[in-house]
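K.L.:
Before we start, here is the structure in question, set down as structure tokens.
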């Protein structure tokens, strides 16, 4: 079976540079039928979307939404859509109990990634992986213990520790590239293949703390006691993650999501200093090399950071479920697309309540530039019936029907006609 590379969205021919340098030696109310909470600027676009939908572009629906193009319905996928809530995954995990094996073996990665695609037909198929997967490729070995989770035996906290790091070695990540190629071929243009990375700050929390933590006291203290070392680490991570993003795109990813999972643990001012500049650098570099690849940016607990997140240059801002979608749209404006943000707990609710919440979120997001998703990952124990209903509801949505009663006459705003 050939693993020939799909058409690259990147302007560079190859992205395997080994010459990386670094500073040192690396609960909702039922819908009111009359409710309209999308911003007024979308009203004409809602009525005019039919014209743009005749475009000959071969981009999957999710990519079009990420780019803010007019489409007929919101595309849908779920964070953690492949995983422990699915019976087929549980059966496979019994045969292959090591998470590292499941996420670092091409055959298993492809099989697990395709499980929700085969069951529910989402509009996005995300590679089954982990934000820590690339760490050994640049000098940070780690283990995953059943109770403690990821464990890094030798944290990086000093200038001497930094010498253990090296440029990212893609020979150690071939399983990622091969898996993306196969996924791209398997789903064709029927769905977008999504790759993902962790943001430098979030990855650094594991490397500095030595694993997961509830307090982040060690790395937060480093901001004041060893800022040069922390900056050097973040700079090294930024270069490695940039190359890893481009590697994923060149091997088939239509779209990339950046997870700053623990960025919300910082004050807005500290996030502006210790996370945002490095994310901006990644996005700027990727946009130069892969200008047609949309980048989604998500922070858990991002209600106080939306405007700052927009400033990174990401194409799509993911909202967690604690953010009101209408308020998020108002604060972000029409220049970026949004993703989200159904509360994952709604998947445990009666199906009619789930339907109402999906419709409410879609109405608040407006008829353009919205990727329907949860506000966080799928929870363990989520009924598969509810996941199936989520995607079926999304497929049956139609912007023209949802917004037809709320579009003012063209004469009211002729300057907005496109």
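Note that Cβ sites are derived from N, Cα and C of the backbone, with glycine treated the same way.
Just so it is clear, the model here is predicted, and its values are computed rather than measured.
Look at Swiss-Prot and you will find 80, 81, 82, 83, 84, 99, 129, 130, 206, 261, 376 tagged as substrate binding site, backed by similarity to another entry. Residues annotated as site 'Transition state stabilizer' in Swiss-Prot, with similarity to another entry given as evidence: 130. As annotated by Swiss-Prot, transit peptide applies to 1-53, with the evidence given as a curator's inference.
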K.L.:
For residue 129 (substrate binding site), what is the secondary structure by DSSP, using just helix, strand and coil?
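P.N.:
Assignment for residue 129 (substrate binding site) reads coil.
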K.L.:
Using Cα coordinates, what distance in whole Å links residue 80 (substrate binding site) and residue 130 (site 'Transition state stabilizer')?
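P.N.:
On Cα coordinates alone, these residues lie 10 Å apart.
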K.L.:
In whole Å, how far is residue 130 (site 'Transition state stabilizer') from residue 206 (substrate binding site) when you measure between their Cα atoms?
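P.N.:
About 13 Å separate the Cα atoms of these two residues.
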K.L.:
Of the residues named as substrate binders, 80, 81, 82, 83, 84, 99, 129, 130, 206, 261, 376, how far apart in Å are the Cα atoms of the most distant pair?
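P.N.:
For the residues that bind substrate, the greatest Cα distance is 24 Å.
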K.L.:
Just jot down the residues in the same chain as residue 130 (site 'Transition state stabilizer'), at least 6 apart in sequence, with C-beta under 8 A of its C-beta; none if empty.
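P.N.:
Residue 130 (site 'Transition state stabilizer') has long-range Cβ partners 99, 103.
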K.L.:
Quick one: give me the count of other CB atoms within 10 A of the CB of residue 376 (substrate binding site).
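P.N.:
Excluding its own Cβ, the number within 10 Å is 23.
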K.L.:
So of 80, 84, 129, 206, which of the binding-site residues has the fewest other Cβ atoms within 10 Å around its own Cβ?
P.N.:
84
